[in-house]
Ligand SMILES: [Ca+2]
Ligand SMILES: [Ca+2]
Ligand SMILES: [Mg+2]
Ligand SMILES: [Mg+2]
Ligand code: NI
């Protein structure tokens, strides 16, 4: 029989008792940030459950990990603590269990309508890397800039290519994004210009949230990598294509990316995603032994990006993709990141890179969707090549279960005009 | 008359009363890390001076910034507090001033022999960027890989090129560095190999330590940038050239750099360096207005790198360079980093990139010094193209004053063999 909560959860909700994603919220502007889980339209305050001694298992009963302004301490505890928390919460929230269900005063305090709290970045992010793990995205970018003959650089098939991103400018869903200014360079020998980006784009991504880290000099084995992964979030790696194109040789993207990166507030755990696992695409050539996994899996997560064009009210879906399209798995990404001895810390973030599918209506960014501005997209009586001031971009993603969804909620941001 | 301390400082010391660089130390393995300044062969414990109410100026008298495990809180206070601290410390340490000089019990507690303390990373580093600001270095790398015709990519003369580095693997001078393993790729169509790096290198750099940050979306004006800079350290950006060469297209260096980056323990303030300022090299073409400075200055800092080859005792100087060779100034680097709206936070680090001078004996890394392995260097009866296991690399740097030095001490690290 399907697990049910005493809390009413609409069948379309992203947050049934089967999900229980973690976030950090504030009740009021001056409140302390506290960890919570999403259940239906509510946020459950974990600090209050902990104070009520309801986390009574061996890993959590003596921990103050839920009395913190972020989830890092909980992430550091690792899978045994995460499993214990999930079992405890599913029990406390289940329709059959009376402890919380019949405690009106605790329920009143611990369950808040999601619409009444402010969500914050759930983690303190020490380092953020961004991978390039979708073959369709790599191919499309290559065709645009180098032609179909050499679309994908030879190293791509051997290395989960990535770059170090900027941690300071990672923001929570709902934060406005100011159009960046910077240098662009038209074709030919002309001089660079300076001004507001003329090719502002989004990138539809997800990101791995790291749990326990590893010591400097001690790589994580690819078959152990899943134990270092707490869960996934949606991520919008906002990108200024004109700035990026002029700056990226030879050291990679820098200011074209570092002005903002948006995360969805709820971290969906690998435990909740496990039933949606499926085999990752065949890799050819066979990866080097340090990347060869016993079990190579992706998750069947439907992703979609919409735009509410400036001055309009309705969102228009402009792409539908799926996490399953990733060529390099998140466990391969993590193992690669550490193979040189690089240390991970709890709360580190590993972006997947733009998740494009094989079909033109599954491409994960405007660069690909508009083919570098050559094919405007029509939406709501207007059209777009790149983002305009006032546009709002909204990502969503979910897994379809039998009678429920395990979803990520939304990841959104609105473009504000550049500084004068 | 020259300012003198009651503490005997040898004329060759890097740490006279004119310098007073900041670091963080531990008295014993189990002690709390505490901020200190270097004076001669001693470390002065700032937390004890603060407890004794000797920081009595308006910015510091009510601050707990010296009762912290790192300098971030002091850095955040900005230049008025830094100037106040410097004036207070120069007064307390001067030969004429009795407060500390004649307080035997406080002196006994607050002044520790440098040889008896352990130095730690002085800052919590949120983000670390590494620039590419030496024209000689950019030219040499370009000639080696693309020939003299197109040695320097056209964007280099318009943009202080940089990449995001890895913050987690930044370590303090004296930390051993394990040779990284990774993928390399010989020329031609062969398959990549996996194993210990065969081209392990150092990069002779300095790095800017950021003081007050800026809000996301609010760039720092280039003419205000110096107020966001607390000081400089020596930095060794260890680099695995074979890993880097195979991975870096198109997203830049990643695992070829992220296994370790070493900092010197003492942050020399811009205030101490000011008397060694000199005009930066002429820039042609003229930079865009956001990079055009009213006063464009470098510092006359002599730099040198030595190697103690494995199994030997003596250090052999292999290069002598100078900070003055930088084409892009540190204020231009900082302004560029923020022009897209990217926010800096106190304790952020901006590496200069390898500081090569114009002459072959002033090149800042083995890639250039051995011309990618073609010209072995002889040292101490042996020779090197790249680093071997057991080699120790030692950087030092100082400004020559009239009767004293303002120096950085050393930045060192020894190579340990790869994991099996
Ligand atoms: Ca990306
Ligand atoms: Ca470097
Ligand atoms: Mg971004
Ligand atoms: Mg490095
Ligand atoms: Ni696919």
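Every residue gets a Cβ built from N, Cα and C, even glycine.
Substrate is bound by A:132, A:146, A:244, A:248 in TrEMBL, and the record lists one more residue there from A:354, A:382, A:385, A:396, which is A:354. According to TrEMBL, the residue from A:102, A:176, A:237, A:242 that belongs to the Ca(2+) site alongside A:130, A:203, A:205 is A:237.
In sequence order, A:354 are the binding-site residues from A:146, A:205, A:354 with a C-alpha within 10 Å of the C-alpha of residue A:137 (active site, proton acceptor). Filtering of the recorded positions A:132, A:137, A:146, A:205, A:244, A:261 by Cβ separation from chain B (threshold: under 8 Å) yields A:132, ordered along the sequence. The binding-site residues in question are A:244, A:261, A:354, and the one with the fewest Cβ neighbours inside 10 Å is A:244. In this structure, the recorded positions A:137, A:146, A:257 were compared by how many other Cβ atoms lie within 10 Å of their Cβ, and the smallest count belongs to A:146. Mapped onto three states, the DSSP output places residue A:130 (Ca(2+) binding site) in strand. Proximity of the binding-site residues (A:132, A:146, A:237, A:244, A:257, A:261) to ligand 3: a Cβ under 6 Å from the molecule is found for A:237, A:257, A:261. Around the Cβ of residue A:248 (substrate binding site), 22 further Cβ atoms fall within 10 Å across all displayed protein chains.
Cβ neighbour count for residue A:130 (Ca(2+) binding site): 28 (other Cβ atoms within 10 Å of its Cβ, all protein chains included). In space, A:354 is the closest of the binding-site residues A:132, A:244, A:354 to residue A:203 (Ca(2+) binding site), judged by Cα positions.
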